[in-house]
């Protein structure tokens, strides 16, 4: 994978000022972003998150998922610590794209769960790839993370690229009546570590 650094700039946010680093995957043409705060290249494990793009949750305030809540929670945690990094990866809809995500939502409106909808459309349950994270983190001088995630697949992916996950930091945010079944499905079918509440619901949904 050929991921190259393009440019960096300051990015003031409600949580504090980050540095925004832009990267281009020359093979796919996708543009990825890293937001960093503080000295993250000192060798110590860095509080971090891999966040896949979710237009509906991150920008349109959707309550169907927990993505927007996790994005805000991760940025707030980094700002509170004064040091950390968030990789914003252009992998909308767990890798199936925005329009296919809307198609999946339509199937979910008809009774399918989030995994069943993907499969009915001919996709895998989760088509994301995290190979771009290695060159992005290498450019930033990061080799060890305290990873904010509920997804064990992200931990395994990073470790397969020789990035140390020194700690998994739970990021359980945004449970509501609209996403309760969605989160239960992620726990029951995708192995996300969301606590006994979601696991129990997944087993009975």
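From the backbone N, Cα and C atoms, a Cβ is placed for every residue, glycine too.
Swiss-Prot has this to say about the protein:
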{"type": "ACT_SITE", "residues": "126", "note": "active site, proton acceptor"}
{"type": "ACT_SITE", "residues": "128", "note": "active site, nucleophile"}
{"type": "BINDING", "residues": "49, 50, 51, 52, 53, 70, 92, 93, 94, 114, 149, 154", "note": "GTP binding site"}
{"type": "BINDING", "residues": "54, 65, 67", "note": "Zn(2+) binding site"}
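Working note on the binding-site residues 49, 94: by count of other C-beta atoms within 10 Å of each C-beta, 49 ranks first. Ranking the recorded positions 65, 67, 126, 128 by the distance of their Cα atoms from the Cα of residue 51 (GTP binding site) places 67 first.
Under the three-state DSSP scheme, residue 92 (GTP binding site) falls in the helix class. Ranking the recorded positions 51, 128 by how many Cβ atoms sit within 10 Å of each one's Cβ puts 51 at the top. A Cα-Cα distance of 16 Å separates residue 149 (GTP binding site) from residue 54 (Zn(2+) binding site). Same-chain residues at least 6 positions away in sequence with a Cβ under 8 Å from that of residue 53 (GTP binding site) are, in sequence order, 88, 89, 90, 91, 92.
Taking the centre of the Cβ atoms of 54, 65, 67 as the Zn(2+) site, the nearby residues of that chain (Cβ within 8 Å, site residues left out) are 56, 57, 58, 62, 64, 66, 68, 70. Rounded to the nearest whole angstrom, the C-alpha distance between residue 65 (Zn(2+) binding site) and residue 128 (active site, nucleophile) is 17. Residues near residue 54 (Zn(2+) binding site) in space but far in sequence (CB under 8 A, at least 6 apart, same chain), listed by position: 62, 65, 67, 68, 71, 92, 93.
On the backbone, the CA of residue 126 (active site, proton acceptor) and the CA of residue 94 (GTP binding site) stand 5 Å apart. Residue density at the residue listed as 'active site, proton acceptor': 20 other Cβ atoms are found within 10 A of its Cβ, drawing on all protein chains shown. Between the alpha carbons (Cα) of residue 128 (active site, nucleophile) and residue 94 (GTP binding site) lies a span of roughly 6 Å. The 10 Å shell around the Cβ of residue 92 (GTP binding site) contains 19 further Cβ atoms across the protein chains shown. When secondary structure is read from DSSP and collapsed to three states, residue 67 (Zn(2+) binding site) falls in the helix class.
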